């Protein structure tokens, strides 16, 4: 077991890396890169704010932002106040204006959208914690439909929280082993991202002990699962569709060999789409097949692998599943009921377009993306779209996730809070503004972004921020 500073790099692992690394890269540089702290990076959420507006907004903070070459919304970030104020406690993060995302993990989604077209139906097979799902949603501009699947039950809640914070309403969440989708949803998706579970050899800069229990045998076992996952994903992909396969590991068995296995299995139905032109400088990580094999010393980021494939023809379907999905517990609202909901929502500043449809379950009113409808009855969804409201005393109790997703920036009915008042809001406390709004139900904003819906009670604004989101400790204190 070799120890390099605080980083554990087993000798057998280094042997595998020597074999996997192209001739133009040096092992000494690889080891040195593994010992350097990982640079922090963020991605601007363009569903909330444009990149230019974000840069102008944070300019007074003194943040040093270096563009990520493969993601126009991505930046490496250096901050003088990093020790005093966690990045996740800044106002911009709390309101969903950016996502903390490792730079190399922005690569798979960049590859998925490399042709400039916007797919209508997308699946993210292993979605938690949500960095890539939220990146996909932003590039789709909240249109179409994304099936975001996560096998780990404990991570589904985090996935939903991140989707909600970013104001996304075109996602349906599922909780399955990713190997079910080829049979359950054959040829249903225009684009699929399989960021596969892997041995994590590329994340050692984030976790110095990530490789302490590494073994070649575990790589082979994981690769066997990856082949089953990529086969299932390929069956779920429509002819003409794009499949991006990625990992945060570096050995060939889980990367090139997994893709080659798929190419050999369906030689007449799949082709490689080279990533040579994905961004200036991509050639430094390009393999002879057209994949990107990113060793950490190339771009000073985590290790990663990305392959982009096109399905050129249908393949023989897998046996149809025998399970029963169960009755769908929602019914679409009738026209008159829908009109009443739309009118009431507009009075408080919530609006949406015709790509979202109103559905009801008991006293809950939901908004589902139109593109979700064909999937009803085919698999069970944990949740879809956004919960808009609950019917309450012949009126509506608007839900936090709906306000964050639908109110938009610069809402004319929004009530702008001061920095101190916004901090109180995030701490779950009522706000006592100097001037009181006219409306009883009011969207409170900060930096012109919706924070939630408050109810006026006398001269105070009653806080409705969800208890599970309440923040303690130091919150944003940067100039505004």
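Placement of Cβ uses the backbone N, Cα and C atoms for every residue, glycine included.
Computed from a predicted structure; not experimentally measured.
Here Swiss-Prot flags 248 as active site, nucleophile. Neighbour count (other Cβ atoms within 10 Å of the Cβ, all protein chains): 25 for residue 248 (active site, nucleophile).
Marked as S-adenosyl-L-methionine binding site by Swiss-Prot: 126, 127, 128, 129, 130, 131, 132, 150, 177, 195. Its Cβ placed at the centre, residue 128 (S-adenosyl-L-methionine binding site) has 23 other Cβ atoms within 10 Å.
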Rounded inter-Cα distance in Å - residue 177 (S-adenosyl-L-methionine binding site), residue 248 (active site, nucleophile): 19
DSSP state at residue 132 (S-adenosyl-L-methionine binding site), helix/strand/coil: helix
In three-state DSSP terms, the structure that residue 177 (S-adenosyl-L-methionine binding site) belongs to: coil
Between residue 128 (S-adenosyl-L-methionine binding site) and residue 248 (active site, nucleophile), the C-alpha gap once rounded to whole angstrom: 14
Between residue 248 (active site, nucleophile) and residue 126 (S-adenosyl-L-methionine binding site): CA-CA distance (Å): 13
Largest inter-residue Cα distance among 126, 127, 128, 129, 130, 131, 132, 150, 177, 195 [record-listed S-adenosyl-L-methionine binders, Å]: 20
C-alpha spacing of residue 248 (active site, nucleophile) relative to residue 130 (S-adenosyl-L-methionine binding site), in angstrom: 15
For residue 132 (S-adenosyl-L-methionine binding site): intrachain residues, at least 6 apart, with Cβ closer than 8 Å: 105, 108, 109, 124, 193, 195
